[in-house]
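Note sheet for the following structure.
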Amino acid sequence: MTDLESMKADKHNGHHSYHNNHDLVESEPLTWRFWRKRRYIVVLMAFFGFFNVYSLRVNLSVAIVAMTENRTVHDADGNISYEQDFPWDSKQRGLILSSFFYGYIFTQFLGGYIGTKVGGNLVFGLGIGTTAILTLLTPLAARHSLEMFLAVRIIEGVFEGVTFPGIHAVWARWSPPLERSRMASIAFAGNYAGTVIAMPSSGMLASRYGWPSVFYVFGTIGVIWLILWLLIVRAGPEMDRFCSKEECEYIQKTIGYTGPQTIKHPWKAIFTSMAFYAIIASHFSENWGFYTLLTQLPSFLKDTLNFDLGKTGFLSAVPYLAMGILLAVSGYLADWMQVKGIWTTTQVRRNFNCGAFLAQTVFMMLTAYIMDPTWSVIFITIAVGLGAFAWSGFAVNHLDIAPQHASVLMGIGNTFATIPGIVSPLLTGYIVGDSGDRYEWRLVFFISAGIYLVGCVIYWFYASGELQEWAKSPEQKAAEAEEKQLQLTQTTGFINNAADLKE
């Protein structure tokens, strides 16, 4: 393959690979023995980190059902009465479930900015660890007052808000371009593993040991993870003494890392980039449907479809089990299609993302129309599960268009994408009364379907998998100019050779 052909092949795959960095291979290729590659130990720890991110976030969705449940009490005289620990109505429950996001929305950009300065590993770890400590204090705060409970949830959101931007700073230093989809997807699968385990476990813990046990168990798990993360994970491969020299060099050469440097963010270019706005729109749309179900699905199953509390936890977890499994599949498939040259990076991101959104639109509308206990769970499971393919689209797209600025882009984008976490539970609380009327829930599902469709259209027309001109470093621009000059020289040589042959 000539230099010109090689450059074209790299461009076809959606990567601007100066000096053929993406053609590098390791002497020991990646196999199922992932532990032999230090970067996949980082992925494994990030997986468990995201497990904690979502288990700490969703446990309240189940616990609040037990906290506000009307229990039948029989006294010694045989009289029957009813009691509940907290007499919160649907609007107050919506406020509680959305309060987390009031804090979460304010630290997205900050997390991305700090991650580029001090290392994403510290930002990611301390964000989750502090949230875990606050979770241990949640029962005490709830018993004190509603205001104190809301304050603790808001502060939890403040610290957890730095996690997604923080992990993008980690990927920017640890993930080779042709492994980005699978590394990020495997780690993000922890979100859904956490949801799958936290929802049924929270239901069982609340039923057997009381609702406070939900917060004590998951808070303790989070603190244990924090200790392990700080001991194992470093900001970059060159700082990890257990990362082999060969692996370190392979990672750094493929991502073009030349050592610590001051990163200046081109703010005007960022905020005028349509490719970036496409990511924001897609992230917002996915989060609207996701947060609607994440916070309200247990209540929908119990109040409208009449499942008991124990089954509610298990059934609420099924859609996220599907998504966790499909995330690994979608990440591997996305990377494979790029490596094989079947689709460009732009095509992979666009087709995966928009295909998932169209399917989610259809199955959300079917859920709204059917309202059958069995079929509703099936349709919701398919809708949420197929969202895994969207995560191989927009969620890693920041690393395609501007890898050096990825954590900041994720921070800005996730700020907007957090708005659904605030608005959706409140809106659902106002639309759906305490009776859980199925026609009111139908409107909730229609709104989610419509937002998926809008996100699909915007992403389809404006998404890109190409490194943006404003994101190129001076070294990359110089290398690109050198390759263009080489291409011009070769083209001129071909023309001269052809002229000589003609003569």
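A Cβ is built for glycine as well, from the same backbone N, Cα and C atoms used for every other residue.
According to TrEMBL, the feature transmembrane segment maps to 40-57 (among others). Sequence-distant contacts of the transmembrane segment (40-57), counting only residues of its own chain at least 6 positions beyond either end whose CB sits under 8 Å from a CB of the stretch, comprise 30, 34, 100, 124-125, 128, 131-132, 135, 156, 160, 163, 167, 170, 174, 183, 186-195, 197-198, 218-219, 221-222, 225, 228-229, 232-233, 242, 294.
Taken from TrEMBL, the feature domain 'Major facilitator superfamily (MFS) profile' applies to 41-467.
Residues annotated as transmembrane segment in TrEMBL: 95-115 (among others).
What TrEMBL records for 122-142 (among others) is transmembrane segment. Note on the transmembrane segment (122-142): residues 46, 49, 52-53, 56, 59-60, 67, 86, 111, 114-115, 148-149, 151-153, 155-156, 159-163, 165-167, 169-170, 211-212, 215-216, 218-223, 225-226, 229-230, 233, 235 of its chain, located 6 or more positions outside it, place their CB under 8 angstroms from a CB of the stretch.
Positions annotated as transmembrane segment by TrEMBL: 148-171 (among others). Sequence-remote contacts of a segment are chain residues at least 6 beyond its ends whose Cβ falls under 8 Å from one of its Cβ atoms, and for the transmembrane segment (148-171) they are 42, 46, 49-50, 53, 56-57, 60, 95-96, 99-112, 114-116, 119-124, 126-128, 130-131, 134-135, 137-138, 141-142, 180, 183-184, 187, 233, 235, 396, 398-399, 406-411, 414, 418.
Annotation source TrEMBL lists transmembrane segment at 183-201 (among others).
Annotation comment: TrEMBL describes 213-232 (among others) as transmembrane segment. Residues of the same chain lying 6 or more positions beyond the ends of the transmembrane segment (213-232) and with a Cβ under 8 Å from any Cβ of it are 41, 45, 48-49, 51-52, 55-56, 59, 62-63, 121, 124-126, 128-129, 131-136, 138-139, 198, 201-202, 205-206.
As annotated by TrEMBL, transmembrane segment applies to 274-294 (among others).
Under 8 Å from some Cβ of the transmembrane segment (314-334) lie the Cβ atoms of residues 61-62, 181-186, 188-189, 191-193, 195-200, 203, 293, 297-298, 301, 307, 348, 352, 377, 380-389, 391-392, all in the same chain and six or more residues away from its ends. Annotation source TrEMBL lists transmembrane segment at 314-334 (among others).
TrEMBL lists 354-371 (among others) with the feature transmembrane segment.
Annotated transmembrane segment per TrEMBL: 377-396 (among others), in sequence order. Sequence-distant contacts of the transmembrane segment (377-396) (same chain, six or more residues past either end, CB-CB distance under 8 Å): 171, 180-181, 184-185, 188, 278-279, 282-283, 286, 289-290, 293, 297, 301, 315, 318-320, 322-327, 329-331, 333-334, 348-350, 352-357, 359-360, 363-364, 366-367, 370, 459, 463.
Look at TrEMBL and you will find 408-431 (among others) tagged as transmembrane segment. Proximity of distant same-chain residues to the transmembrane segment (408-431), defined by a Cβ-Cβ separation under 8 Å and at least 6 residues beyond the stretch ends, is recorded for 90-91, 93-95, 97-98, 100-102, 104-105, 108-113, 116, 161, 164-165, 168, 265, 270, 276, 279-280, 283-284, 286-288, 290-292, 295-296, 398, 401-402, 440, 443-444, 447.
The transmembrane segment annotation in TrEMBL covers 443-462 (among others).
Sequence-distant contacts of the transmembrane segment (354-371) (same chain, six or more residues past either end, CB-CB distance under 8 Å): 282, 285-286, 289, 304-305, 379-380, 382-384, 386-390, 393, 438, 441-443, 445-446, 448-450, 452-453, 455-456, 459-460. Summarised as a single figure, the pLDDT of the domain 'Major facilitator superfamily (MFS) profile' (41-467) averages 87.
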